[in-house]
Amino acid sequence: MAVCLLSQAESIALYIAQVAGAFGGALLAYALYSSLFIEFETAHHMVRGSVESLQLASIFSTYPAAALNVWQAALVEVVITSILMGMIMALTDDGNGVPKGPLAPLLIGILVAVIGASTGPLTGFAMNPARDFGPKLFTWLAGWGNMAMSGGREIPYFIVPIVAPVIGACAGAAIYRYFIGKNLPCNRCKPEENANQIHSNDVS
């Protein structure tokens, strides 16, 4: 989402930091629960790196429901990320005249929970390339190999949570800016206020 709002250098730095943080989180989770992973694999005769092992890999990152193809999963990610981005901009836009305070982060958190509850079974709701790719990179190194990246699909699934959320975030930002943001009362009155100020200065 930052790619639509920040400079290229800032976006790259933020993305690297988020990937590193997500990778570290996955590493820590695995270090704490590794014995339970091995126990589960042994009890279910599961070979790490097989299609069946994706149910464990999905603890770290997202994979689509079996009934969805890659394109359907990409559409889901575009739509939900667009909704998330549009709502974030609405809740943090000073132009709407609503006092923000601590409510915006709380409402954004509730929004993420609602999106997760309603669409989580479809794709796992990545909505952030770094949040998904970091853990996928860890599972690739931790024994899941190419299965972690491909998700057992002909088109490697790791591409979807990288590309689709970016498209969705930019679409959500554009829709909000051009159809809502610039038409808010506080934004419409600013040109008039500026014109009146200039006129007052000319008169004085």
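Numbering starts at 1 and runs along the chain as it is shown here.
For all residues, glycine too, the Cβ spot is worked out from N, Cα and C.
Annotated transmembrane segment per TrEMBL: 12-33 (among others), in sequence order.
Same-chain residues lying 6+ beyond the ends of the transmembrane segment (70-91) with a Cβ under 8 Å from its Cβ atoms: 1, 4, 64, 100, 103-104, 107-108, 111-112, 115, 119, 122-123, 125-127, 153-155, 157, 160-161, 163-165, 167-173, 175-177, 180-181. What TrEMBL records for 70-91 (among others) is transmembrane segment.
If you look up TrEMBL, you'll see 103-127 (among others) marked as transmembrane segment. Away from its own ends, the transmembrane segment (103-127) comes close to residues 58, 61-65, 68, 73, 76-77, 80-81, 83-84, 87-88, 91-92, 160-161, 164-165, 168 of its chain (Cβ-Cβ under 8 Å, at least six residues beyond either end).
Residues or ranges marked as transmembrane segment by TrEMBL: 155-180 (among others).
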